[in-house]
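Per TrEMBL, the features are:
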TRANSMEM  90-114  transmembrane segment
TRANSMEM  134-157  transmembrane segment
TRANSMEM  186-203  transmembrane segment
TRANSMEM  215-245  transmembrane segment
TRANSMEM  257-276  transmembrane segment
TRANSMEM  296-317  transmembrane segment
TRANSMEM  329-349  transmembrane segment
TRANSMEM  385-403  transmembrane segment
TRANSMEM  654-673  transmembrane segment
């Protein structure tokens, strides 16, 4: 036991030494980092734009809970916002703590694989005695050091090699936490490892108490970082594949184990319905998620990519005799390497330049490599001298990053001097002037690249994009955003800007200091009719639409216009835009309310460029009005007669909220008082699929 605690102290000390320079840093080293999204969420929650509110700042408007997992932003919102760097300093400390937490969780998982599961075939009593000594602690330390010290295996890809080289070749855990700004995912990975540890315990022996803790861990993981659920499901797959080739990893039948884990995980997911309501899950399945694709399409793509690894897995299964003498650490590591490696290679072959996509499982991939190599070293009973040489080699490989870690961790940029901050400040000033001078207080900007990441962490400016794409209600904005950024046709971009209700356009030219420069033809906007350039500095430009507003009087024929066939269907867009007329007065007056005023004639209504939702209701109005969803997913107000229309709309999602509360409470009651429910479901599934003798490992 003393060696266990010594190992824990050692790895926590080393990890703290690695992340210590991050404490107190007030800005990132790279403005392409996604930290700004978390800071923006914290500001939203601090302003009451969460839970049951309507957030008008992202994606043409979204329900408040659609900003994503709330726990970390809510903790951040408790701290005062004094200046642009004050909140970031707190966040960087939380991320550093998350890295240390990942190290501790990986150590616990590795130690369990070595100590508690059957370490080698043969005399189990002798194996357990050996596993209780220092021989169990050292492999766990090695796996942990592989995760935090060794350069990421992703350096094998040329695009990522070029990024990691100036930083001293860090591990992906450090790279994602302090450079990419994936702090929320890093902290979520702690819960992934905790849930995996519980799954390993339940695979060895099913206990109701541990099943209850697994459901709670899954719920906590989703509330910390919802996207971590995908990694967790993949680790369950790794565990099941490992149990196929190494039967001692799991006791009982595989079908029964899988069914039980699936039910417990589902209960954990349902417990989060208090925040992630049924309406949210419905939206996630169809809304743009990653790269403008629906979440369901993304998940289906993962499974298609997984087919790449099936031949390798079949080969491993065919060689299962070798795995009978391999440690569980080795087997799970190799299976993890096959699963995560196949997904990485498949994503790389699909788009080699988009390295942010095929590196998304980098933390799990590095962990699988560490488990595999460590397990192979220990399975071969290498002498202590050789193990010391391996350990020394690990330290040598980690030295370049140790001496260069300040570049990524402690050397932050000055926010006020960045292109992102200057653009946001100018936008905020222009919109304040519009509100004060002409009473137009609810305008929207189109911002792209790293400016979209950071804009709302500093300023209350509504934008077409934002963070957490899976929560957006309107399916058309990704098509428009692509044409605005990538298309050559200025008229097509102008049509999309009008459809999306954009009044201000931010363009980063070739000389801009903005990170991504994702406007392929920035000069096309200079001659765009109806727009004027109102600000320019160091390659950054702001254009303003002359007839600006979030709503326009519209011909009601807009409701019968066919939507465009695809993003570059200019004629389809023109038929929609031609129905739009003069701007209407719009003002958001609260967390769930918006006031609109306009003069409408016979056959006219008001098109409000806000994402349509079934929970919008008509409040006070000067004449009867019906709310209709138009072909582009926006709200249209259809009055019964002509005249001056003044109306207040209210967002009232109470049906969705109440149903979410009911689902959450029922799931929690099942977890606390009926955890044996998963056993009954597993028996039912087993009866449907056949007896275990027909589906167990012998079938392989």
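Each residue, glycine too, has its Cβ placed from N, Cα and C.
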Q) Should the transmembrane segment (385-403) and the transmembrane segment (186-203) be scored as in contact, given a threshold of at least 3 Cβ pairs under 8 Å and pairs 6 or more apart? A) no
Q: May I ask whether the transmembrane segment (186-203) has at least three C-beta pairs under 8 Å with the transmembrane segment (90-114), counting pairs 6 or more apart in sequence?
A: yes
**Q.** Among the ranges 134-157, 186-203, 215-245, 257-276, the one whose Cβ pairs under 8 Å to the transmembrane segment (329-349) are most numerous
**A.** 215-245
Q. Counting Cβ pairs under 8 Å that are 6 or more apart in sequence, does the total for the transmembrane segment (186-203) and the transmembrane segment (257-276) reach three or more?
A. yes
